[in-house]
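Structure first, then comments.
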Amino acid sequence: MSPVISHPRSAAARHQSDELSPITITVDCPAKTNLTLEVGPAHDEWGGRHELDTTYCAIGVYDTVTATAKQPGAGFSLELEGAYLGDLASSRSDMRRNHAVLALFAMAQAAEREPDVALTITKRIPVGAGLGGGSADAAATMLAVNRLWELNWPIERLRTIAATLGADMPFCLTGGLAYGTGFGERITDIAPGSRDELALIEQGFSGEVLVGAYQSQLSTPEVYHTFDIVGAAEGDRNHLQAAAISLHPRSGQAIDAATQAGASHAFVSGSGPSVVAFAADEAAAQRIIEVWRDTAVVDRIIRAKSPEHPNISVRQ
């Protein structure tokens, strides 16, 4: 399942909307986790990024990006909202390095337009957490601008642009389930009801999804640097898990607690420190929630569904 992209209007209507579109596009984009994450060698031609073989899963924790056209020549603007902004709220944060702004600039360059767009991001996905919040914001921006400017580019063209910005962004454009290779940017979607999806369900990747989130953040480059030293622990489906736990021990404690409480799977999400636990039923989910609360091994608990997809809405 892909986000809905509307049909193009006439050239005359497009010309009128170029002057100043009254339309506001809102995109809710889900977080991502990695059901498996095998990390290979680093490649100089990829800027030092590691080769990856991963199974992506979009989970129902959503950031919301709203895009509205501004007057020609007005430039872009960015407003951040939400209770969990992390270091994005820092006065030292460079707005032009925000993933959504980079995505806007990339779309403007590809479309040969000026980035005269007002962006508002409502953050719910924890920042610096291994849940792809920045990638979700970038993907949501691309989907919004694609509709706002009536480009109507197919997902594959958007993925080509997204791949120049980051590893997870091509997946976040569609969500659901998918395999990722290369440095994570080469996406093969897993169709609903397919043999591959049924195999994941049989392996226990179904039911309730619980996210154990933290106030603290982990730097992805630091996690990879640590991985280069310590490697992957035997049996870990996420090769970055040992590195993340060495930097953030509470993640390991949360995994142990969830496993003992009956989680089908519990693991560090991506580069961490967030922990994702799958519970087969409501009773197991409640046990995990209770043990996480009682032991204080996580700072925040989020219940979610999976797999999820971006949602696009248009307001005149």
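Glycine is no exception: its Cβ is also placed from the backbone N, Cα and C atoms.
Owing to the predicted nature of the structure, the values given are computational and were not obtained by experimental measurement.
The annotation active site is assigned in Swiss-Prot to LYS32, ASP168 on the grounds of sequence analysis. Summarising the annotation, Swiss-Prot assigns ATP binding site to PRO126, VAL127, GLY128, ALA129, GLY130, LEU131, GLY132, GLY133, GLY134, SER135, ALA136 and lists sequence analysis as the type of evidence.
Secondary structure from DSSP puts ASP168 (active site) in coil.
Of all the binding-site residues listed (PRO126, GLY130), PRO126 has the fewest other CB atoms within 10 A of its CB. For the binding-site residues GLY132, ALA136, the greatest number of Cβ atoms within 10 Å around a candidate Cβ is found at ALA136. Here ASP168 (active site) is positioned 10 angstrom away from GLY130 (ATP binding site), judged by their C-alpha atoms. Cβ neighbour count for GLY134 (ATP binding site) (all protein chains, 10 Å cutoff from its Cβ): 25. Non-local contacts of ASP168 (active site) by the CB criterion (under 8 A, 6+ apart in sequence, same chain) comprise LYS32, TYR56, GLY132, SER135, GLY180, GLY184, GLY270. Each of the recorded positions LYS32, GLY128 was scored by the other Cβ atoms within 10 Å of its Cβ; the lowest score goes to GLY128.
Each of ALA31, ILE125 belongs to the same chain as PRO126, VAL127, GLY128, ALA129, GLY130, LEU131, GLY132, GLY133, GLY134, SER135, ALA136, is absent from that list, and has a C-beta within 8 angstroms of the C-beta centroid marking the ATP site.
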